[in-house]
Each structure stands twice: as structure tokens, then as C-alpha cells.
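I have placed the structure first, in the form of C-alpha cells, so that the comments after it can refer back to it.
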Amino acid sequence: MAASAHAPTASEYIVHHLQHLQNVPQTKIVDFSVVNYDSMVLALLLGGLTLLILWTAARKASCGVPGRLQAAVEILVEMVDNQAKANIHNAESRKFIAPLGLVVFVWVFLMNAMDMVPVDLLPSIWGQIRQDSHEPLRVVPTADLSTTMGLALAVLGLRFWYSLKIKGAGGWAHELVSAPFGTSKNPLFALILGLVNLLMQVIEYVANTVSHGMRLFGNMYAGELVFMLIALMGGAAALSLSGVLLPVGHVIAGTLWTLFHILVITLQAFIFMMLALIYLGQAHNAH
């Protein structure tokens, strides 16, 4: 055996589990040439699973006593439909936005739920397949900022589309330079107010989009780190001869955090969907 072989330290373990399976190493904070294959593939697979679940529920829907899947989907449909009606008053737009909200909620929930998979399970399987235990793999797509910001940018694109569709190019352009401070009959003041209003609108769009993606990413990233620390506690317990405190602490901490995290992943999926509906509702309303 090689003399250099050794068990990873706690910091090495965490750093390894925070690395993505990428096409090229990332050297800059923002680098659009880098593709996180793990996040992309898992997000697409879970997106397909989302569509399969909803399609299956729709295909098996009946007027009689609903099954568990149909009952669960009906509850979600009613919840999303009520929120869509509260935020988007255009019935024609709701025909697309309400189903989209349902897909977003289920999709984000499934991506968040990957955090419930044991930390080392899928990376270990991937390492066995690749015959390299150091091969990185992250399994929570929403703990990747690229995923959450991509979703937030998609919502931003829809905001722009509905602003143009509902208000027209002229109406939206007028809104961009007249809200929130209004305008003036004086040409000079009107120009100054128009520039200030446009700047405020740009700041609002940027702030909404960044916070939309960062909120989901931050919560899921933190949850992932906590699970890693609990896993380290379990590893320390396995190697410790000092008593039962570490094993008991590992079990208690893991159980409590898992139960709490079920609430977190559900709440974060709901918040992300709600913000999407609110932002799309704003695109329909005059400022």
C-alpha cells in the first residue's frame, strides 16, 4: 500500500463534498465556461420525474375516491391555484402561470429533497463506478448557485415577457421611466426623474432576481453543510473508544436535523414558487 494513503481530515472531507463534477476546474467566482455536470444532470432527471408524477396523477384522476397520489396532487393544485388567483388577476395568464407554479414547486421540492439522501451514499457509488474515490459529486442541485440563479433568471425572463404582453412596449417603457417617483411637465425635471426612475427599476429587477436565487441557494447550502458535520460526528464516533456520547449525539443530531430539514425543504420550495408568482403578478400590474 502507498505510504501516502490516509483518511481525509475533517476539512478535506468537507472540501471534497463541496466540489462539483465539472468540465473544467473553476478558477473564478463567475465563469460561464464551467458546467457543473452533477447539478445539471440531476436537475434534469428530477424535472423529468416531476413531469412523470404530475402526468401519472392526471392520467389516473377519477371522480371516485382518490388514491394517495391523486389526493396529494389535488391538494397542491388547489394551493397553487389559490395563490395564483391572489397574485395574478388575468385569467388568461393564469392558464399558463398556475400550472407552471405547480411544476416549479414540485421540481424545487424534489431537488431540495436530495439533501435527505445520506451524504456519502451517491458520491461513494459514483466513486466505485469511476474507480476513483476522489471523484467529486454533489447531489443537491439547489445547493448550487448556478441552478438557483438559472431558475431566478428564467422567472425574470417571464416577467419581461408578460410586461411586454400585458402593457405593450410603449406602456412598459413609460412605466420604467415614470415609476416610482412619477414625472414632471418640465422637460429637464422629466429627464432627471426618468433617469432616476429607470435606475430604481433596474435596481429592483436585479435585487429581486438575486435575492430570489440566493435565498434558496443559501438555505440549501447551509443544510448540506450541517449534514456533512453530522456525518463527521458519525465518523468520529466510529473511530472513538471514549464511550457512547458521540454515537448517541450523532443519532440524535441526525434525527432532529432531518425532521427539521423536511420543513425547510418544503418551505423553501413554497417560498420560491410564491416569489415567482408575486413577481409575475407585478408584471401584470401598473406601478
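Numbering starts at 1 and runs along the chain as displayed.
Cβ atoms here come from the backbone N, Cα and C positions, even for glycine.
Here Swiss-Prot flags 38-58, 96-116, 139-161, 187-207, 225-245, 259-279 as transmembrane segment.
Between the transmembrane segment (38-58) and the stretches 96-116, 187-207, 259-279, it is 96-116 that has the most C-beta pairs under 8 angstroms. Panel annotation: around the transmembrane segment (259-279), residues 80, 83-84, 87-88, 97, 100-101, 104-106, 108-109, 112-113, 115-116, 142, 151, 155-156, 159, 208, 212, 215-216, 219-220, 223, 227 of the same chain, lying at least six beyond its termini, place a Cβ under 8 Å from a Cβ of the stretch.
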